Amino acid sequence: MSDAQKFQLGTIGALSLSVVSSVSIVICNKALISTLGFTFATTLTSWHLLVTFCSLHVALWMKFFEHKPFDPRAVLGFGVLNGISIGLLNLSLGFNSVGFYQMTKLAIIPCTVVLETIFFRKMFSRKIQFSLVILLLGVGIATVTDLQLNMLGSVLSLLAVITTCVAQIMTNTIQKKYKVSSTQLLYQSCPYQAITLFVTGPFLDGLLTNQNVFAFKYTSQVVFFIVLSCLISVSVNFSTFLVIGKTSPVTYQVLGHLKTCLVLAFGYLLLKDAFSWRNILGILVAVIGMVLYSYYCTLETQQKATETSTQLPQMDENEKDPLVSAENGSGLISDNGVQKQDPVWNSNKDFQA
């Protein structure tokens, strides 16, 4: 099996793990929040991250992966930013209607595209842009209902979108810049994410629910679903970093909308949730957008691989392996065969707020 085939197989595995684990945790949390009344989402997320860190620490002790320290300021900034983005998304849901919150989630893809284009000079073809528009249109039809606006909610949503986009772009960029795996990055950033949410979680949850997480009555059922949710979250967090590292932040967001469609379909088929022809139409349009996005991405990847292979014989002996050169951070081959620098985050500048 060639390296390219191994990479494709690993990517498919990461995408599959992300879908299965994310849908599973949504089902578990739906039972915990809707049925059992445990509405403390931010605090629950901090517990997820603590369990994830403990699990990775055990895996490190068993030598399943190697600890690779790198720029501590980069880790701190990245971890805190991730924690803030999660808190802002929860606040956005609390201070906005469900419809406006769904619009907030839809805005993440175009915002990511704009940021990557401006700061990383990454080009998205017309075909890719077209498929993303179809996808967002479908998800919008299926999920967006009322659009009640208020100033505080709008500001929180804007901040949530920006921090989420930057955090996901950094997830991809840091792995490439410091040559760390998704597991190594998750292990080092998890404590900072967990501490950020553990400190702010009870306050945010109290603000949104008017309840105290520590005064909640923890029955055996509640404890069971909390433990189950935390265990599933290990797979969710791991697959998130894995997918973004192997693909891109935009692809991860496309995958996120696939999960939304699957959750809607699950709710209708098994839980008998209310479903309309609008939901069905939206899901079908979204699926068409996802298929087009996957097809165009695969097509462009194959075209670039073909162009690179035809250029290799024409290069000097010192330039025979551009992929290794790119991996070492020395440059990338652009579409016209000219070598260009790969822009990276400047830890001294980009992690100081």
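For all residues, glycine too, the Cβ spot is worked out from N, Cα and C.
As annotated by Swiss-Prot, compositional bias 'Polar residues' applies to 327-353. Residues or ranges marked as phosphoserine in Swiss-Prot (evidence: similarity to another entry): Ser334. Under the heading region 'Disordered', Swiss-Prot lists 308-353. Under the heading transmembrane segment, Swiss-Prot lists 7-27, 31-51, 75-95, 100-120, 132-152, 154-174, 194-214, 224-244, 250-270, 280-300, citing sequence analysis as support.
The stretch in closest packing with the transmembrane segment (75-95), judged by the count of Cβ pairs under 8 Å and taken from 132-152, 154-174, 224-244, is 154-174.
As a quick check, the transmembrane segment (194-214) and the transmembrane segment (280-300) miss the bar of 3 or more Cβ pairs under 8 A, pairs 6 or more apart, so the two do not touch. Scored on C-beta pairs under 8 angstroms, the neighbour of the transmembrane segment (31-51) with the top count among 132-152, 154-174, 224-244, 280-300 is 224-244. When each of 100-120, 132-152, 224-244 is scored by its Cβ pairs under 8 Å to the transmembrane segment (250-270), the top-ranked stretch turns out to be 132-152.
The transmembrane segment (132-152) makes contact with the transmembrane segment (280-300), as judged by at least three Cβ pairs under 8 Å among residues 6 or more apart in sequence. When each of the listed stretches 100-120, 154-174, 224-244 is scored by C-beta pairs under 8 angstroms to the transmembrane segment (7-27), 224-244 comes out highest.
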